[in-house]
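For reference, the structure discussed in these notes is given below.
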Amino acid sequence: MNLSTLLITIEVGGTVAFAMSGLIEAMRKRMDVVGVVSVAFVSAFGGGTVRDVLLDRRPLFWTEHEAYVWLVLAMGLTAPLWLSMAMREAGARLMIVADALGLGLFAVSGTSLALSAGMSPLVGVLMGVTTAIVGGVARDVLCNEVPQVYRDHRPYAVCALVGSAVYLGLAALNVGSEWASLAGALVATGSRLLAVALDWRLPSWSPRSPQ
Amino acid sequence: MNLSTLLITIEVGGTVAFAMSGLIEAMRKRMDVVGVVSVAFVSAFGGGTVRDVLLDRRPLFWTEHEAYVWLVLAMGLTAPLWLSMAMREAGARLMIVADALGLGLFAVSGTSLALSAGMSPLVGVLMGVTTAIVGGVARDVLCNEVPQVYRDHRPYAVCALVGSAVYLGLAALNVGSEWASLAGALVATGSRLLAVALDWRLPSWSPRSPQ
Amino acid sequence: MNLSTLLITIEVGGTVAFAMSGLIEAMRKRMDVVGVVSVAFVSAFGGGTVRDVLLDRRPLFWTEHEAYVWLVLAMGLTAPLWLSMAMREAGARLMIVADALGLGLFAVSGTSLALSAGMSPLVGVLMGVTTAIVGGVARDVLCNEVPQVYRDHRPYAVCALVGSAVYLGLAALNVGSEWASLAGALVATGSRLLAVALDWRLPSWSPRSPQ
């Protein structure tokens, strides 16, 4: 499996996972079919699109791989048929796992593309985190909520940051890109799932005194 | 009337219609003059700007045609003089018609510009819908509302999609671009007005079970 | 002090001031460390990033000057240590002064960069206002509020506009860029502070009749 195959697999996996988080959130808000499909699109493609615009990469990844667009469209149009039971059974759990997969996969792809564009390691990590969280932030803004990733006091962006850093470190040690990507994504996804399972919390960062 | 004249006419009409929807919404929120003018700008230029950034088109359409900027600025600065009575008499109706005009005109111009940039028909339709709805989505986000186009269960983006598809189909049949544009815009605007008049509804896309 | 040194000084000052407004707002919303750092980033870099994307300027100013990124990161990570007392003592006043500084500094840098990119005076003023207000608008959107700059009926964007116009006017009179920048920034910041001190108000721009 060569680098570009791995990166494409990474993008497909992340796209499906993030689209699902958008579907679930939009359906909870009782949106119509246009809202559900749009929020799924923004959740799935928002982070990568902002990354591509900031790095001035064209064509955008989803215009280059139209199958992604058809996939998210099909997921959105058929969602009521298959998502209803899943939500009743295991809504919250499903969303956490889907999000964790997307988190790891997008963090690594964002960092890797930033480095290919000649960016520094710092900007590489920022682009990894951006790719991982901006879709979810845009999803919550469209649903008129404070972004979950900013307020739930659970490690999420921090896991993307750690996964991006692992990728960077292994790549600097001349580990092959495929293995570095895999390790980075596993660390990000794994640390996120651990954080949820063990109920790790971030500090609230508020001043100690009452407001 | 050649293609570029028609496209410019389309852009002017859409710009005025969308600016008005922004003016009305911002005035309803009791914003100050800066808010009213800003929301009018974002409503009028948001969709086209996002389209131009995604397609990497520069100069942006409104820096190329500064008259649009002066027009929206003048509309915003004078709005209390002429919009007050209109709103009292026919606020909701006025906004629906203005929106329908902008919808048709922007859907066709977005699709046409995407094709000129070498995009596929699928991306062409997405750019048509994006140009038509993103201004309104941004307007509602700035007004701290869930975007109307996502939640009102009335065909709107779907009308833009149909108009874009009509344009694409006629262009593929070698109908002249002017006529294809006109037909696409008429179908989008007409289907939107019909949908409102006949009270067509979109399915809510929520799971059937209570949440 | 040459032009580029002055512009860098302007950007550092504006960046610190805007990051602080983001820190204060995010901490008021009781966000976690990720939210506080993210909102500080968006407040500090949002206006300049949107300006750079619209003008198609790459590299983005903050990838070119990584020290800005480290600075805002350090401010965000240490904020609870030093911002707590400041907020208790003088929260509102501090935010107004920080905002006024950023306002003047960013308005001039936005206008100056737009002119360097070959834009007209009108687009130059719009880019000045955009650079000055978009960070704050994005901050408030992420905090799920109607943007303060649109609704508080106090001159803010208008001060940026006046400062940009002063810069343009002096530059057209062949005053050196450094002096024109300094004068424009002083007029914008000064008029903002005067407006707050003297409680100037903008008209509400609502129709006179009840809604």
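Counting begins at 1 with the first residue displayed.
Heads up, the Cβ atoms here are built off N, Cα and C, so glycines get one too.
Under the heading domain 'Glycine transporter', TrEMBL lists A:10-79 (among others). Under DSSP, the residues of the domain 'Glycine transporter' (A:10-79) split into helix, strand and coil as follows: 60 helix, 0 strand, 10 coil.
Restricting the average to the domain 'Glycine transporter' (A:97-170) gives a pLDDT of 93. The domain 'Glycine transporter' feature in TrEMBL is assigned to A:97-170 (among others).
Summarising the annotation, TrEMBL assigns transmembrane segment to A:6-24 (among others).
Remote same-chain residues near the transmembrane segment (A:31-48) are listed as 11, 15-16, 18-23, 25, 60-62, 68, 72-73, 75-77, 79, 106, 109-110, 130-139, 142-143 (criterion: CB distance under 8 Å, separation of at least six residues from the stretch ends). Taken from TrEMBL, the feature transmembrane segment applies to A:31-48 (among others).
Among the features that TrEMBL reports, transmembrane segment is placed at A:68-87 (among others).
TrEMBL lists A:94-115 (among others) with the feature transmembrane segment. Within the chain carrying the transmembrane segment (A:94-115), a Cβ under 8 angstroms from the stretch's Cβ atoms is held by residues 7, 10-11, 13-18, 20-21, 24, 47-48, 51-52, 55, 57, 86-87, 121, 123-133, 135-136, 156, 159-161, 163-164, 167-168, 171, 177, 181, 184-190, 192-193, 196, all 6 or more beyond its ends.
Residues or ranges marked as transmembrane segment in TrEMBL: A:121-142 (among others).
Residues 99-100, 103-104, 106-108, 110-112, 115, 121, 124-125, 128-129, 132-133, 179-181, 183-189, 191-192, 195-196, 200-202 of the same chain, all 6+ positions outside the transmembrane segment (A:154-173), place their C-beta atoms under 8 angstroms from a C-beta of that stretch. Feature annotation from TrEMBL assigns transmembrane segment to A:154-173 (among others).
Within the domain 'Glycine transporter' (A:97-170), the DSSP-based counts of helix, strand and coil residues read 60 helix, 0 strand, 14 coil.
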